[in-house]
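Copied over from TrEMBL, here are the features:
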TRANSMEM  B:12-30  transmembrane segment
TRANSMEM  B:36-58  transmembrane segment
TRANSMEM  B:70-88  transmembrane segment
TRANSMEM  B:108-127  transmembrane segment
TRANSMEM  B:134-152  transmembrane segment
TRANSMEM  B:182-209  transmembrane segment
TRANSMEM  B:229-248  transmembrane segment
TRANSMEM  B:268-293  transmembrane segment
TRANSMEM  B:305-328  transmembrane segment
Ligand SMILES: Nc1ncnc2c1ncn2[C@@H]1O[C@H](COP(=O)(O)OP(=O)(O)O)[C@@H](O)[C@H]1O
Ligand SMILES: [Mg+2]
């Protein structure tokens, strides 16, 4: 049996009386895209934050590459190979696109405790950063400050940054949001080509993209996984339809 | 360098070079005109700029608005004063478990100041950096006030009256009592600190530090924990300011609680803000402007601080890049 890259065991988080995630069990296998869908406020972003280490869980465990990382810091989990993109872009706003990628590369290159040689002077690292940007088609925008990139370009840069740490798995929180039809199509094709390199836990509202990409879908409602299975099964499930998908998809 | 090569340099580099040369020229000209007061004034600028270079690393690059850097400035000063006192008296600083006496050697004073300030900054930073924003400002202020009151309550070392340094601490080569020689020492240390800052800021460490200022989430997501980066920068920043404090005590031949007071923290912050937050030479531009205002307008009216206030307001409202920003344009980021 292959080992899960990510395994959540009974993960819970409450904000006051609100159970944002409620005893969630979930796995992500190598080479897989596992989509997490659910209505707004279902707790998807909360769950992602628990997995990445931003939120302390009230109960449950996060296992990453077979290790219990429940009490690890965000940086340590990233160091193990967990890449992530945010629902709302989170970039180093005064740096250029290239500067952002260089920063992401430097963790792997020996970390922040190197005090003397300029980061920019490392030609090999720079080439690598340009290659990462080229993967998402941003190589021509490398030197622009991220503040002057378009919304769509910033979304792509987020994906590039997640890739730059050479992740074994990716948490993508609504990567298609605000991309428009063409952007969504392009990113869908790109993610499909990516899954052998890094398994993906994909939170996404665009159902066409989800059904085109996912090997497995879990449906989250009020913090609980109400259904989990292959796309066809989810499409057919009466409970899911009632809770979330609506009649338009039938 | 040819004129063409000079023109190709970024404008900020030229502005920085002019500032550095002006500070070097001022005491030389003063010496020729037999105006020793201006030699000591230029030395003051160099020392206060050095203190600002320290703060700029934390505040300008790291976004850590420390309102307690006088603690480090003053501690550096007290190290100079206390070691000189014991050397002068031939007495011991402590007798148990080892006997530790004083010293009148600048190199020893600086090393001791660096170690003492680093340890204190490590403790203050480790606690303060768990907060942010206004709380960070207040907690650094609180720590500095604690050290201020500690100094006042130590009669051995002068209490409220402070300590006089009867003999300026000595150099291995050259005579530190010669005003111009002492200026060169301070100026050399200022340039060294500026060079160190420039290297740090461009190195992976500095890039991570600046990212911590802009967006800690991004830094952590890249696999770099922000806290150790910020704490290290805070300690380096404090040590630079502490060395400046040791020089200041030797320049004045005196160290007292005023070096530890919150006014001093505010002053060092003013240098950085006037000069342009996060610009390499901001502390030099700011300290020079401050001292010029103080000695020019301060000579005419006691209300020179009013003019300072107006300038500060103008910088904060209209010219975020400060003096360097006005002269050299917007910051260029990679
Ligand atoms: N930091 C927080 N404090 C309080 N409530 C929160 C916090 N973050 C999220 N919530 C609440 O938790 C629920 C789940 O939010 P979220 O995880 O963002 O949902 P989704 O991403 O599925 O739209 C929502 O009701 C939201 O208002
Ligand atoms: Mg969300």
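Glycine is treated like the rest: Cβ placed from N, Cα and C.
Note that TrEMBL annotation is computational and uncurated.
For the transmembrane segment (B:229-248), same-chain residues at least 6 beyond its ends with a Cβ under 8 Å from one of its own Cβ atoms are 44, 47-48, 50-51, 53-58, 61-62, 64, 66, 69, 72-77, 79-80, 109-110, 113-114, 116-118, 120-122, 124-126, 128-129, 185-186, 189, 193, 196, 200, 205, 208-209, 212, 219, 255, 259, 268.
Of the Cβ pairs linking the transmembrane segment (B:182-209) with the transmembrane segment (B:268-293) and spaced 6 or more residues apart, 3 or more are under 8 Å, so the two regions touch.
Proximity of distant same-chain residues to the transmembrane segment (B:268-293), defined by a Cβ-Cβ separation under 8 Å and at least 6 residues beyond the stretch ends, is recorded for 12, 15-16, 19-20, 22-23, 41, 44-45, 48-53, 55-56, 59-61, 65, 67, 69-70, 73, 190, 194, 197-198, 201, 241, 304, 307-308, 311-312, 315-316, 320-325, 327-328, 331. Tertiary proximity for the transmembrane segment (B:305-328) is limited to same-chain residues at least six positions away from its ends with a CB under 8 Å from its CB atoms, namely 10-12, 14-16, 270, 273-277, 279, 281-282, 285-286, 289-290, 293, 297.
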